[in-house]
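> For reference, the structure I am asking about is given below.
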Amino acid sequence: MLCLCLYVPLIGEAQTEFQYFESKGLPAELKSIFKLSVFIPSQEFSTYRQWKQKIVQAGDKDLDGQLDFEEFVHYLQDHEKKLRLVFKSLDKKNDGRIDAQEIMQSLRDLGVKISEQQAEKILKSMDKNGTMTIDWNEWRDYHLLHPVENIPEIILYWKHSTIFDVGENLTVPDEFTVEERQTGMWWRHLVAGGGAGAVSRTCTAPLDRLKVLMQVHASRSNNMCIVGGFTQMIREGGARSLWRGNGINVLKIAPESAIKFMAYEQIKRLIGSDQETLRIHERLVAGSLAGAIAQSSIYPMEVLKTRMALRKTGQYSGMLDCARKILAREGMAAFYKGYVPNMLGIIPYAGIDLAVYETLKNAWLQRYAVNSADPGVFVLLACGTMSSTCGQLASYPLALVRTRMQAQASMEGAPEVTMSSLFKQILRTEGAFGLYRGLAPNFMKVIPAVSISYVVYENLKITLGVQSR
């Protein structure tokens, strides 16, 4: 007779037996043969429940909330294939063994810095024969029915650029795991991210339009406040006017995201890194270049967004009418007004956003990632909000100058200005504070934008067949 038992090794702890796998459809006398018994201490029951739920969700094909024997065997086979891919990605030397240096290198590539002692501690937990290296059998035996603590899990749970949309698509693209690339899940993540961005931008569009108005029209002599700005917009064009410019802002998500992702993947190959995931500085370079390519491709849409947000009632009948009138009156060059400060703003925004997010991620993983790399909703939202806020704060003066240059030609009697002359003019007439006009509504929309995009992203993932967090 066969019996499958898993024992979690514990020393000197009160243990309780739990059985939760049985084979349905078998004669009653055989049901006890195919079972899984797990012995765990009572104080670790919460960890056990999370672990059980993860395994059941992964293998439950008929969605009845439990695994029968056939589903369990299928889960083991499928999970072993995934573990093989992870093992190969960690085995930098291709010698069939993983040592402490390879563990440190793999985590360092993701921005997670650990000491050699910490790497050796991880190694010892899996090393059965005391060689201070892990072969495939040791790796498989440890992880097959053990809470996962691996590189793909960190990538899976800590996606940032794909999930959060605060209206400025200047973040460094996310990495995808080997499995996500091979199964085609990557494009589902991008579609979910695009849909989340569309909903998020639409919900926060009134604050975004107010920011643009304050960037262009607010000054010492015209001290526009938030309440006054909303009142002015509603008085001029009614409640619908709060969403002016939102259509083009949503429309540009798809081409910009697609171009940036494709450019990022090509630049990764040009960098020539043999790692599956890039190091932090390589990600910054590749992400900034990809962002520059994407922004260059869709920049006329950025100009249209600003002009549509600033338009008066009846000025344009729609986006195409706006584009035709700009082309006829100002020429093709008008569609690239503010291009230089926009490009210069990519590096501080992307660099600081990435650095802050990776620092917060690393701090959390070092301190709290005991059984899983899953940070939970609130930690993820907090990290995304803080990193986006810091990135925007650093690049905001360039964003303000860009917006004023985009709007300048549409203002009657406005002289032609350059980036440097506009900086000097603002500093001379308004001081350093003038470079941060509209910052308040911009920051006010960060938390709702991040929260809305996260909720919509998670729901769209389920709809598109991506395994939920």
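Including glycine, each Cβ sits where the backbone N, Cα and C put it.
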> Would Swiss-Prot have Q315 on the same side of the membrane as I462?
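They are annotated on opposite sides of the bilayer.
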> Out of 3-20, 147-164, 363-380, 381-398, let me know the one Swiss-Prot marks transmembrane segment.
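Matching range for transmembrane segment: 381-398.
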> With Swiss-Prot as the source, identify the stretch among 190-207, 316-333 annotated transmembrane segment.
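Of the candidate stretches, Swiss-Prot labels 190-207 as transmembrane segment.
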> Across all chains shown, how many C-beta atoms besides its own are within 10 angstroms of the C-beta of E71 (Ca(2+) binding site)?
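Other Cβ atoms within 10 Å of E71 (Ca(2+) binding site): 20.
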> What counts of helix, strand and coil residues does DSSP assign across the topological domain 'Mitochondrial matrix' (208-244)?
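So the counts come to 27 helix, 0 strand, 10 coil.
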> Please work out the number of neighbouring Cβ atoms within 10 Å of the Cβ of Q66 (Ca(2+) binding site), leaving out its own Cβ.
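Counting Cβ neighbours of Q66 (Ca(2+) binding site) within 10 Å gives 15.
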> Which secondary structure state does DSSP assign to E71 (Ca(2+) binding site), in the simple three-class scheme?
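In three-state terms, E71 (Ca(2+) binding site) counts as helix.
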> Per the definition of 3+ C-beta pairs under 8 A with sequence separation of 6 or more, do the transmembrane segment (288-301) and the transmembrane segment (190-207) touch?
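They do not touch: fewer than three Cβ pairs between the two stretches lie under 8 Å.
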